[in-house]
Each structure stands twice: as structure tokens, then as C-alpha cells.
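First comes the structure, then the notes that go with it.
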């Protein structure tokens, strides 16, 4: 029977979800994850605890538009029309309500602490059984690892408590509410609460019980908290494991705590003590606490490179050894400190190869499973990442255990963001919001402080700088001086951060924003009195086809010791799967669910697609972050290791010399390089090529044996050098055939054997080619100066809010997309051994000339068409996206073969990872399926391209696919693209960079813009 005080009406009347002073009711204090083993061996080996029971699975669910619409009867029994949903899940992924994607703008009217009356509410219920043994002694808790955004809990019709902060556990004591046998839980989840104002992160806004739910049985007298810390002497040869243990329950003299440290099957150290803490002040110490210190000789240190772990088992027992319960955690012996302006791990300066990671799954929303977490970690390690920032909230508890074990440095970030507030620190400088902020910071620290992978605490993200930040910074430094604290808000270098941690600061360019200037990272280091390390909390915005200029950051990181790396934004595209009317899945972004407000495709900034398929940019990141660097001098290769702790015990260096992709010599040498060491490798006398071509030396570091995170044969690093070649000239063989020119009223036609070329005299374009009777072109060969806009070209521009500074808006305003060709010249001449076509076009818009393109086409007796192109660019038109040619080939071949940079997509400012070789790929692999279609698939540095019967030679860039630039530009989602007839070929003499320092302002560096007034390129086109 529901008591009056437990009634839904009474609970709703309090409106706890609109009171920033109420962040919880009856919630238990935060602590590390517990399992309450009753066998110390099971604790040591981390076996499943019999005292920990999952409640994940099918729950009954009913959705209402507001909490007031929930009937009182729901507390007692399931509603007749209730559905069944899986917990954990987001209810939006089950068709209830709509997910909302917004970056800065709050999804609700900003009126803190109040939320809309229309507040979608999910009512969950579960019937489960409890064994009598759990009720006879001890305490039964329920743990909700994550509920968004706030919830009330009832058990057997009685109100238990309230919780908010969607990214940390809410734990309640159910002991007084349970009875043996069948019990019923009722959980009312509200989509919006005052806590939503602190959760304005750039992500999908979803709701529900989206993390694990479990029951935990603890003894009446129990371990209520424990903290482990490692300390060292100067040379790390001796360590102390300090364990502070706190108990709850009857404090009896016979109680003891034993802490034992294990390395595998070996007990390294152990200590036992009664309760009674060290003296704190004149009143004494804590009677319910004890601190034990275990000495460890020559500890094996933990790092992301070598994640050595011990296991600490904490036993609560009586004096005669009777075990009451045991808790345990992995222990990594490591020290983090800042000294002389450097962030040090175990005395060595770190170089952070980091990435920001949202918890996102394309099918399950914000629900994370172990398989996906492990997949992310393996991909990060395989691509030379060593650090991850939990952006922008504490992650699933299992994530930290996996980072401990596989080896990743973690920035653990509080679930605080008020980006949409004006000013941004409106709440964070308001003392009424300090309790809510405090809970989010302190509970994160209390949950995660035993993880060695957590090396930095973060106070949150994009919330300005307020007095509350200063207070919480001081609290962390007081309770956990073993880790630095970072916080970007307020300018990235306030008193609330130990690390200068800007976002999207550029290498050499200042961004003098009012109040919070964003200096170049080089300048920041030299500001008067500034001696902190600089680690970019976000940089290299990887939205769509991006990450241009990434190499420039890494050049600076390696040049300036206090520039200690950064965290790329971000790891995974946040697209969600929807289904069309035929049941086919497609990738959706902001606005596709009818969600308003929305920020469209801005949710897709990942180095990997939502299904974890890599973007081409991931290879660039891997290459720039590689742990081996190479220098070539003569025939000597100098290999430098950037590992701080790891000796190269699983690496071979494979080298190969190739002429135009044909191997001439190769070899393999084992690497024997110590941490931060060097190895010189002398190559044998290299063979001299007998023919013309490009001679390249390629080195690759290969791991012959599988590791915990990679398969055997994994390539971890590589480099290429172009070698000097002998001068060699291959003269064309004489041809007795002479192409024949005929002229009609509309065309010039050239014929040679079974080949014909047709130039339209009115347009001046190559309008058709024949091989035998087969036409080769579906569209004429024309100049091309534009590209389907990248996200970086678009910036923040949209239909209702034009940004005139965005590249695409400049190109549109100047008429680049609408330019039409005015023919200035089209002549044909018969030479002694060839036919020469000469054309000139003025590309104009509204009477203004933007480009003048002059071409000659020389068709010789071998059937080769040599195209020379000279382009003049108007001085007052924006720098073009490309200078090249385009046509639609009639042929559709299965494969593309080219000699140039590859195999992955590459662009002028993102090509350091590409290698020069002869590549052969399916046509479908030449297209990169960005969810928001754009220019894609370029391959630079190309000397030869083979496709179907066609061969192109020169020095050019190309992309080739079934989609035109026009279709890419006009299509909003990749699943709406349709394969066009034939194949679209774009061959560029020059192509602008793609940028990527950020995606909302022009970020293509000057050296990668097409800023010259005149351009020339040459191309040879023939048929095989």
C-alpha cells in the first residue's frame, strides 16, 4: 500500500527537478565501484561476485508527455498499455520522443532552474525476486550507473529517493523496502531537470536509463570507501602503496583491515591494522578510517606504453581472521606531476597523442557495451593514440578499467557544460549552483580516483570561468594532490587550471577574441610569467573531409617541449541509424528526427564513422603521432624512439627501394632501440635503375608478434624519401601514322586508326572521343574551379544564417558555381606529325571575368593527346577551390590503377601519411562515404592513372567516382546519392587544402590556398 508521503502527487508537488539545491534525496555517498566479495581469492582474480546482481534486461515502460500525466496507479501495478523496453537504453531509440542534436543552443527555453511543463516522462517498472538470505543480514543497494536527466524511485509502492547528474551513479539503500520473494521497482525518469542546464554538451540529447542497473548486497558492517595512492623515491626504485580505508556500521575493537598487493599469483606486500585514523587536528583523527602503507621494492611502473598492473585486495575481517567482505581494484604504480613547465609521468615529459571521445553508438544511442569500448581502445592504440579525454562527462565505469589494462591516459571530465548561457558563466559564478556543480566534481573524483589511467581531472567544459570553478579546483587539489587539474573555460589559462588547455588555438596565428584572446600556441608559451605546460584540450576539428594542417601541429609539438600535444576533436561521428519505408538503414543527423533546435551535421566530427570504420584522416593522425621518427643521410637511416619507457622488443624495420612502384631492393632489420634512444641502420649499396621514373625508399616498422591491442604484422610507423635518380630520357618512337583533321561547320574531328576526337567549335570543348564505334564521353571535358563544399568550406553558414566569410559563400557570391564559359578562341592546325587544337575561354558571371583558360591539345601519331593548360585568375575573385578539368566518362570499370600517393584519400594539406606507389583499388573504394556528401576521394602526386581503356600521365591530382560534384553538392545525405551513368573524372593541376584547425572559420593555411594569379599544368591522355 502506498503511503501518503510516497504518493506520486506528493512527490510531484515538490518539483525537485526545478530546485538546484536538490541534486539528490537519500542517495548514498560516492565511492569506487564495489563488488562485496565474500572470498578474497575471488576478489584477487576479479571473478564475478555473488553479491552483485544485474537488473539489465526487459523492463515495462510507459511514456507520458509530462510527469503530471502519469497515473497514481502506476506505482502499484503496470499500466495495461505499457510497452517492453530493454534497459539500458535511450527511449528515443525505441521510438518514444525525438532525439535532439544541438551544439550550443539549449534544447529548452533558457529559464533556470525551470524546465518546460511539457516534460517527457518515462515510467519504468521491473518485478524481481529477492532471496531471504539477502534480507536476513546486511544491506541491499540498487545502483543506477546512468539515468538522464533526473528520476524518482519507488520500491513496492514506497518512495525511495531521487537522483540527477546523468553521468554518475545514483545508489540507494533498498533494505527497508524489500521483502523476500517478488518485489517491484518503479522509476519515473524526466527528460528535463534543472540539471539539464549543466549538461549542455555538444551531443544528442537523449533520455532514459541508459547505463547498467544492479543490486549489491553489502554486510551490515562494511567497507564504505577506499583510496589507493602510490608514492616513490627519487629514482622510482622504491614505492609505497598507501591505502586509506573507511568503514560503515558498528565500530568494534575486533575489526581489522588487511590490504594485500598482488602481482599475478605473487603476493608482493601485505599489511593489517585496526581502525583508527591518523591525527588530523587537536580533536584527533577519524575512528572509522585506517591508513595502511605497503613498501614495494623495484615496482614495475604503469604507463600507457607498458600498463603494468598489480591487484590490491582490501579485506574487512575480525581479529581471528573471519572475513566480513573484500573489495579490490587494479593498481598502477605511477606518478604524475608538473615540474619546470612540463607534465611528467614517472619523471618523463609526456607527449599527449590524444582524442576526445563521446559515448555514442549508431544503433543504441548513448548506451555503451564492452565490445564497443574495447573496439574503440584497440583502434586508438593501433593508430598511435595514447590518451583520451572523456568529453564531456564521466564515462561508463568499465571504460576506466579497460584504459588501465590496455594502457591509455585519461582526462576525466566533470559533467558540467553551460555553453548556451549568456554569459557562459551565468551559473558557474552563481553560489546557488555551487552544490550541484560540487556534486558533479566531487563524486567523479570519489568514483574514479583509484584508476592509474586517470592522470588529469577536468572541471568540465565550456562553462566560462566562475567562482565555483575556483572553489572546486581548490577542493580537488586538497583531496587529491597527486593529479593536475585542467579547465579551458574563461580563456584556458585561469587560476583554475594547472595546464594551459585551449581549444582550437592555431600554431602561429593569434585569434584576439574580446575578453578571452586565443593566442597561437607558440606565443602562449612565451607570455610573461607563464610556466605551465600547454596541452590542447581540443584541436584539429575532424568534421567530414578534414584534418588538413595536422602535420603543422606535430612539428610544433616536437619542436617546443612545453607544447605537450593535445586531443583531436573527436573520435566518432555521432550519426544515428534510421530506416526508410523499405526497412533500409541510413545515417541520420540533427534535424532528421524533426528535432528543433538542431545543428544539422555538426554532430559528425569523428576520425571514425559511427560504425567505427576509419575516416581517411585517421591514417594521417596515426602517421603524425607515430612513436618512431626517421632521418635519412646517405645510406644511413637514423631511427629515433619516442617511447618513454618501452624498449623496441617487437619491431622490425622493413625497407624497400622501388622505381615507379616496382621493387628494386628490400631488406629487414630488427629494431633494438631503448626508450628515447636511437639506432643507425646502414643500407647496402642500392641498385641504380636502368629506366626513367621516380625512385623511392620506403621504411615501415612492423610488429611480428600480436599484442594485447594489435595483430601480428601490425605496421606502427612508416616514412618515405624520394631518392636521386639518374638522368634518363626516353624518346618516343617514331610514328609513320599521322592523325587526320577534318573540319565541319560545328566540329573539328581528328582521326587516327580506330580512334577519333571531336572538338565542338561553338563551345571550344573536347566533346567526344571514340574507340572504334564506342563513345568514350558522356559530357565534354571542361575546366573546373569549384568543389562540392566541405564542412570546413561551409563553416557555420546555413540557409537562415549566411556567414559571408565562409569559403562557400565567397565562391557563391563571386559566381564561381554559376560561371559560364565564353569562347575566345578555337582553332585547329595540322603539324608535321600531329594535330594541334588551341582554345581559350573566359569564365564569367554576370559580365565579370573570373578565369581565363587557354589550352592546347596536341594529338600525335601515337594517339597521345598532350593537354597544356594555362589559367589566369582575376585578382579580385576569391581563391578558387581547384584548377582542373572534369568530364563524365562513358566507361564504368571495376578497378582503378594509379601511380602516385595513396592508397587512402589525401589532399595537399593532408598527405604526409600517403605513400608513393602503384595502387590498385575497386572503383567503389575511390569514394569516401561521408554522411554529409562533399568533395572526397582525391589522390595527390599522381604520375599515371589507368581506368578502363584510358591512361593519363602527368603530375596531377584526381578523384573518380559515380557521383558528380553537382550531385554531391545538392544532396544532404549519402544514402540519397544515386550512381550516375558512367564515371565522373576530376583531374586537377592544383587543389586547395581542406583545412581543419576548426570548422567554423576559414582554416586553410595560406600556403595551401590557390593565391597565385597564373597557373600552368600539363596532362597526357591516351588509350591503351
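Using the three backbone atoms N, Cα and C, a Cβ is placed for every residue, glycine included.
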Residue from 1000, 1021 that Swiss-Prot also lists as binding substrate with 103, 202, 462, 538, 539, 540, 541, 605: 1000
Recorded positions (358, 392, 419), the one with most neighbouring Cβ atoms at 10 Å: 392
Recorded substrate site residues 103, 202, 462, 538, 539, 540, 541, 605, 1000, farthest C-alpha pair in Å: 18
Assigned element (helix, strand, coil) containing residue 605 (Na(+) binding site), judged by DSSP: coil
Distant-in-sequence Cβ neighbours of residue 462 (substrate binding site), under 8 Å, six or more positions away: 200, 392, 417, 418, 419, 424, 488, 489
Same-chain residues at least 6 apart in sequence whose Cβ lies under 8 Å from residue 598 (Mg(2+) 2 binding site): 100, 101, 102, 590, 591
Which of 539, 602, 1000, all binding-site residues, has a Cβ with the fewest other Cβ atoms inside 10 Å: 1000
Length of the line joining the Cα atoms of residue 358 (site 'Transition state stabilizer') and residue 1000 (substrate binding site), in Å: 20
Cα separation, residue 605 (Na(+) binding site) to residue 541 (substrate binding site) (Å, whole number): 7
For residue 541 (substrate binding site): DSSP state (helix, strand, coil): strand
Inter-residue C-alpha distance, residue 103 (substrate binding site) and residue 538 (active site, nucleophile) (nearest angstrom): 15
